[in-house]
Amino acid sequence: MEENRRMMSSLQLCCFLLIGCLVSTIYSSSDAIFYESFDESFEGSWIVSEKEEYSGEWKHSKSEGHDDYGLLVSEKARKYAIVKELEKPVELKDGTVVLQFEVRLQNGLECGGAYLKYLRPQEAGWTAKGFDNESPYSIMFGPDKCGATNKVHFILKHKNPKSGEYVEHHLKFPPSVPSDKLTHVYTAILKPDNEVRILVDGEEKKKANFLSGDDFEPALIPDKTIPDPEDKKPEDWDERAKIPDPEATKPEDWDEDAPMDILDEEAEKPEGWLEDEPEEVDDPEAVKPEDWDDEEDGEWEAPKIDNPKCEAAPGCGEWKRPLKRNPAYKGKWHAPLIDNPAYKGIWKPREIPNPDYFELETPNFEPIAAIGIEIWTMQDGILFDNVLIASDEKTAETIRETTWKPKFKVEEEKQKAEEQEAGFDGLKGIQKAVFDVLYKIADLPFLGDHKVKVLELIEKAEKQPNITIGVIVSIVVVIFSVLLKLLFGGKKATPKVTVAEPAKKEEGESSNTGAAAEEEEKNDEQNEDAAAPRRRTRRDI
């Protein structure tokens, strides 16, 4: 038995040495332009911004449950800024460039960023100790989540060759941020044919082309033509497709004053109706309180209750004829619509050549001279690790297989064990599968601007699992509406979808809105007690 233990220990040591050698080999190879594993302390290598607003403390810390170290965001509700200067700038114009790093949201992420900024050379106007949100970057990449924002950012800051201005170009329909507390690895692959691919945990989530207007907002290449700003719509231009028929006249028997509803003269009072009985009577069991003072509180009246005699009868009190639809009702008369003979269509200004138009064969990438993390977050426990810049996809894949995947598997197994121990393994497993599918649906490109609404619904369901079914129905409604619009065109408005709040909040759930409402209700009750007399009044029906 002892010999077996020694053998297992030796094998584990050999495995760690092998992985260490492999990582060292990758780092020393020409394919790994930069690699930071944070095995050693970051102090002296990474420079913390000395700007006053960046008060968050960075720590060299182990990832929970591992012996692997990373760069830790240690405090809540803080701004953080830290930068690592590269030995020499990395050119993005020649060949493939791979940007990759790991992030573990150990306490989740409700509101904050966990992205990296790949900075331009310092000649652009920044210093390491003065690093802040104004420091010029070439690319910003990584997860960001707060409110309706839930995406893996990819932003290219591109120099306009005509104006010389730097413009942020955002990737359209980026993938969503995984909604758990496990380690995830984010990869951006820039290819020489203008293609960019975004991977999450080694799985491709998005493929785009830098020069395509369908993939970036705003487009890197402006439109060839633009509407003429000086072109004005002629005064006699008629955009009405239909007009009221000028020859139509209101029929003589059309009564616009006829009411919509009239009394039903054929209705008869139901047999057994107790017309002499009131709907409510004094509660015979009510007793005047001992502390009731007629002088201060007024004459005491017993509270009202439903008349028990009315329970078996069709009704009590004065019987009135019910209303029915008036067959003579026609409402306001309007002339019928006919095709407008003067209709010219919807006016648009004429197109003219765009003076700001230019052509590009490849983006004007600025070189990367440093890697910075400049974020604001409401959560602590964000751990960055294994930051890589490489010139080969295989290098990034090997790093994922040797550093990220073993950790991820351990964390995944631990999560499953905790769910099983808590007795939620079946339900949680189903819920996780459902939410995984929902987030994939949210990433469908055709949803366009509706993605924000879908993500809001999904996040709401994650916090309140008892409304998941309602969320699924709502998402189906949104998708169906978008598909109808795509198939048939027109300006069909997407119906507003809401998910009913559960009648009772789950234990431990709270909100500022709820607290405010509770306080307001308490104040209302106090005001009512102070102002209203203590007379027992009739209940609202």
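Placement of Cβ uses the backbone N, Cα and C atoms for every residue, glycine included.
Look at TrEMBL and you will find 1-28 tagged as signal peptide.
Residues annotated as disulfide bond in TrEMBL: CYS111-CYS146.
The region 'Disordered' annotation in TrEMBL covers 210-257 (among others).
Residues annotated as compositional bias 'Basic and acidic residues' in TrEMBL: 225-252. Beyond its flanks by at least six residues, the compositional bias 'Basic and acidic residues' (225-252) meets 333-340, 342-354 of its own chain at Cβ-Cβ distances under 8 Å.
In terms of DSSP secondary structure, the region 'Disordered' (269-313) contains 7 helix, 7 strand, 31 coil. Taken from TrEMBL, the feature region 'Disordered' applies to 269-313 (among others).
Long-range contacts of the compositional bias 'Acidic residues' (269-284) within its own chain (CB-CB distance under 8 A, at least 6 residues past either end) are made by residues 301-310, 313-319, 538-539, 541. Taken from TrEMBL, the feature compositional bias 'Acidic residues' covers 269-284 (among others).
For 291-300 (among others), the entry in TrEMBL reads compositional bias 'Acidic residues'.
Under the heading transmembrane segment, TrEMBL lists 467-488.
Per TrEMBL, region 'Disordered' is recorded for 496-541 (among others).
As annotated by TrEMBL, compositional bias 'Acidic residues' applies to 517-528 (among others).
Sequence-distant contacts (6 or more apart, same chain, Cβ under 8 Å) of CYS111 (disulfide bond) comprise LYS145, CYS146, GLY147, THR377, MET378, GLN379.
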